[in-house]
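I have placed the structure first, in the form of structure tokens, so that the comments after it can refer back to it.
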Amino acid sequence: MSTLVLEPAKKGLTGRLKVPGDKSISHRAVIFSSLAKGVSHITNFLTGEDCLRTVEAFRQMGVEITKEKDCLTVHGNGIDALKEPAVPINFGNSGTTARLMSGVLAGLPLFTTAFGDQSLSRRPMDRVVQPLSEMGALIRGREQASYLPLAFEGKKLRGRIHQLQVKSAQVKSALLLAGLLAEGETTVVEQGRTRNHTEMLLPLFGAEVQTKGASITVKGGQQLQGADFQVPGDISSAAFFLVGAAITPNSDLNIVNVGLNPTRNGVVQALEKMGAAIETTITSYVGEEPVGDMRISHSSLKAITLEGDLIANLIDEIPILALAATQAEGTTIIKDAKELRVKETDRIEAVAHNLTQLGANVETREDGLAIHGPTPLHGGELHSYGDHRIGMMGAIASLITTSKVSIADKECINISYPNFFEDLHGLL
Ligand code: S3P
């Protein structure tokens with residue numbers, strides 16, 4: 001665990017940036033292509049630690065997956081060819097691997113055990129275990145299988161209608177994956193729109209998915225086919241640089257090839273509402289997902305309220321938006337965001353603690369934050385708490401502090417953005 005010391009920036013962020021592939025889409029690409037029959041080529045795959053956990057899980061089940069730089073070749077032999085792993089699967093720090101793979105492991109005729117790191121072992125798994133059990137899944141673990149480690153005694157599942165109790169794309173996706181392996185039809189009814197990559201990308205692999213308003217239905221027993229596609233850049237990674245440019249004087253930045261799926265682009269809406277000078281242009285599509293370029297420059301920002309259905313569409317961007325709020329005129333309120341308490345760390349406490357260390361005026365609430373701005377930020381000692389997005393927020397804050405910022409445990413940034421510091425320095 002090492003500490004990084006960052007000097008304040010002497011100039012703004014300028015130039016052109018291509019952020020790494022989308023984390024959510026990279027996970028799904030590995031899962032769908034590993035369940036499929038045939039060869040899939042996935043380019044611009046995110047080689048961060050989280051997505052590599054999903055790759056390793058399928059390698060352990062006998063899928064041949066080769067990686068050359070950011071290109072993945074997956075030799076899928078179909079669901080029936082998947083083998084029982086000889087040793088427990090390590091989900092590492094990855095909530096997406098843990099939740100989505102639970103849907104898969106529950107429905108395969110295999111016995112599997114899986115564990116995660118300390119942070120992941122504290123995160124709730126009952127949100128997937130409980131609805132999977134209603135489909136007939138047999139999953140064992142401590143506190144009624146509420147936490148990892150878990151043991152899956154794979155079963156033929158029964159399709160059913162699920163009313164989602166949490167606004168979570170991970171839970172929705174786990175149930176749709178289980179539905180593909182189950183008998184009959186499975187429908188998931190959302191109580192608010194969450195990222196829809198699973199529904200959008202499954203058809204690329206030949207699956208039929210029906211979406212009607214808030215309900216998504218899959219038929220069990222569909223055989224996926226291998227496919228080739230390019231993962232768009234991750235808007236959640238781009239968000240750090242969007243905010244960096246918005247708050248740092250003399251910035252003018254182009255970010256290219258970013259996924260602009262409307263269920264993910266809440267950060268753009270939020271920054272626009274705050275008064276940021278931001279332009280987006282759609283340049284292509286991956287399946288039905290829009291991909292495009294963004295230009296952003298330094299702007300004076302004003303406080304806003306983030307709440308309701310928008311929260312799910314920017315949930316991962318709240319730490320960096322909180323930093324933007326420290327530079328905005330007025331009080332920014334973030335509410336309906338209790339989910340932040342069960343992310344890689346309690347992000348409400350971690351954001352408040354780190355920003356306060358730098359001189360910001362931040363109050364925590366049970367379901368969010370109140371940030372009174374604008375406040376100049378000074379240097380200080382921060383901790384990532386092992387959370388990649390908290391670490392990157394600290395690094396971006398250092399662009400505008402009056403003296404040095406140190407960040408303890410910076411390695412966690414590799415989870416979603418292995419070249420983060422190279423990219424940051426390239427723009428300064
Ligand atoms: C993700 C969904 C979100 C998000 C996570 C990735 C996904 O989690 O925070 O980083 O890929 O489905 P929840 O669905 O639990 O909110």
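Cβ coordinates are placed from backbone N, Cα and C, and glycine is handled just like the others.
What TrEMBL records for this protein:
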- 11-424: domain 'Enolpyruvate transferase' (DOMAIN)
- K23, G95, R123, Q170, R347, R389: phosphoenolpyruvate binding site (BINDING)
- K23, S24, R28, S168, Q170, D316, K343: 3-phosphoshikimate binding site (BINDING)
- D316: active site, proton acceptor (ACT_SITE)
Result for ligand 1 contact check over binding-site residues S24, R28, S168, D316 with Cβ cutoff under 6 A is S24, S168, D316
Counting across all protein chains, other CB atoms within 10 angstroms of the CB of G95 (phosphoenolpyruvate binding site) number 20
Among the binding-site residues S24, S168, Q170, the one whose Cβ has the most other Cβ atoms within 10 Å is S24
Minimal Cβ count within 10 Å, across the binding-site residues K23, R28, K343, R389, points to K343
R347 (phosphoenolpyruvate binding site) -> DSSP, reduced to three states, gives helix
Here the 10 Å Cβ neighbour count for R123 (phosphoenolpyruvate binding site) comes out at 19
CB neighbours within 10 A of R347 (phosphoenolpyruvate binding site), counting all protein chains shown, number 25
Around the Cβ of D316 (3-phosphoshikimate binding site), other Cβ atoms within 10 Å, all chains included, total 25
